[in-house]
Each structure stands twice: as C-alpha cells, then as structure tokens.
Amino acid sequence: MSLWFLVFLSVLQGVTELFPVSSLGHTLLVPALFGMHIDKHAPQLLPFLVALHLGTALALLWYFRARWVALIGGFFAQLGGRKNDDGHLMWALIIGTIPTGIVGLLLEKRIERVFHDLRIVAIALIVNGVLLWLGDRIQRSRAHQAPEKMTFKQAFFVGLAQIGALIPGFSRSGLTMIAGNAAGLTAEKAAEFSFLLGTPIIFAAGVLELPKLFHARDQLADALLGGVLTAIAAYLSVRFLMRYFEGRGRLASFGVYCVIAGVFCLGWFMLHPQPV
C-alpha cells in the first residue's frame, strides 16, 4: 500500500465514520471512482482496518472522556441502589448496543457478500440521503427531551437503527441520529447519543480482530500510522459535528450530499461496471 493511499484511506475512515454519510459505502465507492482497487484478501488490509477502528474509537473516548467518567460513575452508583440520570443513560447505552452486537456477529459477513455490487451501494447511499432528509423533518416536529430521560424501549429502538449500517451505503451515525430524533432528542443530543452509542461498537470491531494486528508485525508501522491519522481526523470530525448541531445544523444538508453522491456513483458504475 502506497503512503498516499494509506493517508487517503485513514482520513476517509476518520471523517466518514462519524459524518452521517456511510464510512463503509465511501470506502468502497471513492477508491473505485479513482480506479483504485482494494484487495480484501491482501494480508496487510485487515491489521490496517483494525487500527483504523481503534483510532476512531479512541478519538471518541477522548472527546467524550468527561461524559464517560460520569456515566461509569453513575452506573456503579445505580448498581449500589442510588438512582441517577447518568446511571440510567449508561443502562440505555448498554441496551442500545445489544441489537447490533448480536446481529453484527451473526450476519455481517453474509451481508457484505450480498452488497458487493457498487451500484447497490450507490442506491443505498441515495436511500440514506432520503432518510436523513426525513429525519430532519421529524426532529423539527417533535417535542424534545434529554437523553437521560429516554426509556429503555426508546434506547433499544435507537440501537436497532444501527443494524442498518451493516449494509454499505447506510450510515450508523445517520440512522441513530434519525432514531434519536424520533425518540424526541434535539439534533445536538441525538448526535451525542449516537456517538456514545457507537463508541463500544466501533471499539469492539477493532478489539475482536486485535490479535491479527500483532500477528502481522511487518505491517505494524503502516497500521500505527493509519490509526493515528484516523484518530486525528475522527477527533476533528466529532468536534466539528457537535458544534454544527449545537448551532442548529441540520441532517438534511448531509442528506442532499448523499443523494447527489449516490446518483453520481450509480450513473458512473452503470457506465463503467466494476468486476465483482
């Protein structure tokens, strides 16, 4: 893997994992648009992807470090019988993580095999854009509540939304923000809940494959560089997005981008079919 391609993929992962535009979809579509081929069976790819996931998760953990300390403290306080908002929210995050954890372990590889056609990925990106636009309308029409007041049923519903992101072209953060809006969260709080909810999933995706990173010691330098670059890009992304949604930013803007990008990619790959 060339240095510039390594930098490109690392930054692409760090940005699109958190922006509601589908990191997996972009990782498949963008290199193909530029005629770059990603060999899924290349020995250096898996340890590299492991490092990218860990870099993203560490960036999220660092950005929300004070929040996580409060959540963990509240969780143990609640176990000791002292009910509190942070403990309730921590339980909500645990419940929201369960659906994707189970389905991801059972079906992720099968889903990847079905959605290997880039034209299907482009269509999924278009649908993702439409859903973001609809989610924006939902957010503006609902009464708002704090994440700490979410019911466990609502948290489970938001967690179910993450399952859609197993399909390339659908965004994990986008779908969970939409579900958070439907549960009555403001755009800012839906984004925060989405990032908190996604942290264990993204972290687990890296940790489960961590042994393979150390088995490929000749690839450690590339993986380490990729992880650092992804962490920087992810940190800057989450910082931007939280400020964006605090300032009345809208999901619809990302929806428009996804539709335009998806239509362009669909047309391109219909005219230039890729080998499958």
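Placed from the backbone N, Cα and C atoms, the Cβ positions cover glycine too.
The transmembrane segment annotation in Swiss-Prot covers 1-21 (among others). Here the transmembrane segment (1-21) has long-range neighbours at 27, 30-31, 36, 42, 44, 48, 52, 55-56, 59-60, 125, 128, 132, 171-174, 177, 195, 202, 222, 225-227, 229-234, 236-238, 241, 251, 254, 257-258, 261, meaning same-chain residues at least 6 beyond its ends whose C-beta is under 8 angstroms from one of its own.
What Swiss-Prot records for 44-64 (among others) is transmembrane segment. For the transmembrane segment (44-64), the list of distant contacts is 1, 6, 9-10, 13-14, 17-18, 38, 192, 195-196, 198-199, 202-203, 205-207, 209-210, 212-213, 215-216, 219-220, 222-224, 226-232, 234-235, 238-239, 242: same-chain residues at least six beyond its ends, Cβ to Cβ under 8 Å.
Per Swiss-Prot, transmembrane segment is recorded for 87-107 (among others), and the stated evidence type is sequence analysis. Same-chain residues lying 6 or more positions outside the transmembrane segment (87-107) and placing a CB less than 8 Å from one of its CB atoms are 71-72, 74-79, 147-148, 150, 152, 154-156, 158-160, 162-163, 165-166, 193, 196-197, 200-201, 204.
Residues or ranges marked as transmembrane segment in Swiss-Prot: 114-134 (among others).
Per Swiss-Prot, transmembrane segment is recorded for 150-170 (among others), and the stated evidence type is sequence analysis. Tertiary proximity for the transmembrane segment (150-170) is limited to same-chain residues at least six positions away from its ends with a CB under 8 Å from its CB atoms, namely 22, 24-25, 28, 89, 91-93, 95-100, 103-104, 107-108, 111-112, 115, 120-128, 176, 178-180, 182-185, 193-194, 197-198, 201, 262.
Beyond the transmembrane segment (190-210), the same-chain residues lying 6 or more positions past its ends with a Cβ under 8 Å from any Cβ of the stretch are 17-18, 46, 49-54, 56-57, 60-61, 63-64, 67-68, 71, 93, 96-97, 100-101, 104, 139, 147, 150, 158-159, 162, 172-173, 176-178, 180-181, 183, 238, 241-242, 245. Annotated transmembrane segment per Swiss-Prot: 190-210 (among others), in sequence order.
For 222-242 (among others), the entry in Swiss-Prot reads transmembrane segment, with the evidence type sequence analysis.
What Swiss-Prot records for 251-271 (among others) is transmembrane segment, and it gives sequence analysis as the kind of evidence.
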